[in-house]
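Okay, structure first, notes after.
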Amino acid sequence: MVEQTVVREHIKARVMSLVRSAEPSSYRNPKLYTLNENGNNNGVSSAQIFDPDRSKNPCLTDDSYPSQSYEKYFLDSPTDEFVQHPIGSGASVSSFGSLDSFPYQSRPVLGCSMEFQLPLDSTSTSSTRLLGDYQAVSYSPSMDVVEEFDDEQMRSKIQELERALLGDEDDKMVGIDNLMEIDSEWSYQNESEQHQDSPKESSSADSNSHVSSKEVVSQATPKQILISCARALSEGKLEEALSMVNELRQIVSIQGDPSQRIAAYMVEGLAARMAASGKFIYRALKCKEPPSDERLAAMQVLFEVCPCFKFGFLAANGAILEAIKGEEEVHIIDFDINQGNQYMTLIRSIAELPGKRPRLRLTGIDDPESVQRSIGGLRIIGLRLEQLAEDNGVSFKFKAMPSKTSIVSPSTLGCKPGETLIVNFAFQLHHMPDESVTTVNQRDELLHMVKSLNPKLVTVVEQDVNTNTSPFFPRFIEAYEYYSAVFESLDMTLPRESQERMNVERQCLARDIVNIVACEGEERIERYEAAGKWRARMMMAGFNPKPMSAKVTNNIQNLIKQQYCNKYKLKEEMGELHFCWEEKSLIVASAWR
């Protein structure tokens, strides 16, 4: 107990920012990577398809993130804004620490100049409870963390029933052998333990063992140390995990190769998990958003340089265009239009339709809990879309409906008789808590409510990975494999020292990674599910699959062949389109009726 207290105090002292910019010494390999294997970059931009005339779009600029203004924005954030833990009166720890205390010899660029009142104050009354496969500190004085027995029993029964219906057997904790193929990369911890535990017959043998152990550590890759650290943490070995966190911070860089970049973000997720500060970091990263144009540009860059996300939008738009062909009045309901990128493309596509064009009405749910934009930001996005529609001769009206997604009802959506109704879910459903979080299954309730609207078409675009119900360690493995593919794909499209690339990784990827790794329960917002689970949920809600047409599939396939390297792949399974980096499925798009 004393040892764990010391470790926790050490963790508290080392909590720092999730995101940093590296000094020149952190550069590992400044080699520039092109988009395709031929070594040229003339096929880099997808702007011709996604945004044919970038110069006419007031939301985009060629230099979306001038370094000076970007750093000034974050470093000038007010210091009187705080996110404090509700319990404890211990010393506040700056989320970014002093400039001299940063690992990787780095300096803070991203942050909110906030301080966290960490839940590791030695003066606080705490108890340890088991959450999944790890031990976390819970605070009972003013936090209702213990539920009534009857509620817990009811939740268990509901989960058991829905698990049987949804086929959750794959979510059970399994050995690492069943998660992935074991190779030498994953043997770091075992080799280290063997060296440490081997009998010492003489002082010479002791010396050799010590040298051998050092060699193992020095030769270990960031991936090996990350996995060993996550395993140690899942087993409650805090001191071992902390040691590996410190080791990782010396060898990773947000400007290094993909393995170093993803390790830089995931190690901070592990540190936040040990410090129970994941939810505070998550809040801090959305406490003060950049100016609207910059945020929009960051999302736009992500869709251009990691095109699997854009392919998902294009597939949904293709299905929508086919569904509204010949219709006069079309009403699209979108529960999170993000930054409106999908509808920029859709409006231009409608403008190119032959004959009479439909009149389009778009209702966007402006959820105050959304992590994609500031409250009220949807109105600004709507104005941009209306201007774009006017410029392209498309009849278009936009309505931002401020409401929590969980309480939206048919009566509030303003559906009218005679109009063709389309519902679009793009990277939104995974934010809704399901039966594994609460007895009120908001994820399935939303789908049933949408079914009651009798839409002509429902489109779903989601990440194809399970970070929802799996326990911590297998979830960590899945998240690493998934985001490794994302970071590797970015390595083919933007140079490693690119300011745009670092902004994309910070604003669009890092926050999700930390939330997946560090948080549990209702605090874990990023709850992706695999394609099969989404399929089961849609069918349980009463929807029938509508396979993507050959035209939609062929159009995207041709786009990939013409403008992207052959590592981007499109696979069709059960009428759904899977967009992959090499053999790893990243995004899945499907249509339902």
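Placed from the backbone N, Cα and C atoms, the Cβ positions cover glycine too.
Copied from Swiss-Prot, the annotated features are:
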- 29-61: region 'Disordered' (REGION)
- 35-48: compositional bias 'Polar residues' (COMPBIAS)
- 188-216: region 'Disordered' (REGION)
- 202-211: compositional bias 'Low complexity' (COMPBIAS)
- 213-593: domain 'GRAS' (DOMAIN)
- 220-280: region 'Leucine repeat I (LRI)' (REGION)
- 299-364: region 'VHIID' (REGION)
- 330-334: motif 'VHIID' (MOTIF)
- 380-411: region 'Leucine repeat II (LRII)' (REGION)
- 421-515: region 'PFYRE' (REGION)
- 518-593: region 'SAW' (REGION)
Outside the region 'Leucine repeat II (LRII)' (380-411), six or more residues from its ends: residues with CB under 8 Å to it:
56-59, 292, 296, 335-337, 339-340, 343-344, 347-348, 350-351, 357-369, 373, 428, 431-432, 442, 445-446, 449, 452-453
For the domain 'GRAS' (213-593), provide the mean pLDDT of the predicted model.
90
DSSP helix/strand/coil residue counts for the region 'VHIID' (299-364):
35 helix, 12 strand, 19 coil
